[in-house]
């Protein structure tokens, strides 16, 4: 159990730091649409699509790697709670267009990139 806890702990810390860096690097470009949160969620959507295929098709991988990547790193990187407060802040300020745009970009972008990640990994690991 301890190796699983360490895998999640380290992965989550690294994912959260990357999310913070994305915010520092991108949020100032369009203050009404925090691009750091969007980038974190889109990158996480793509990466989890790849990870889902890899960890399903590669049964020999230690379970701690799945915990490190999906539960830890991608759990720390992606952020539904920050996304939610950004949407609600716009809505409560009467900025319904921005609230809708943020919501739609996160949801459609994440689903699209998750599918793209699954397609990418399936192409990489397809039997010859």
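In case you wondered, yes, glycine gets a Cβ from its N, Cα and C as well.
Going by Swiss-Prot, these are the annotated features:
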- 5-25: transmembrane segment (TRANSMEM)
- 35-55: transmembrane segment (TRANSMEM)
- 67-87: transmembrane segment (TRANSMEM)
- 75, 78: Na(+) binding site (BINDING)
- 96-116: transmembrane segment (TRANSMEM)
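Just going by CB pairs under 8 A, the stretch in 5-25, 35-55, 96-116 that sits most against the transmembrane segment (67-87) is 5-25.
Listed as Cβ neighbours of the transmembrane segment (5-25) (distance under 8 Å, sequence separation of 6 or more from its ends, same chain) are residues 34-37, 39-40, 43-44, 64-65, 67-69, 71-79.
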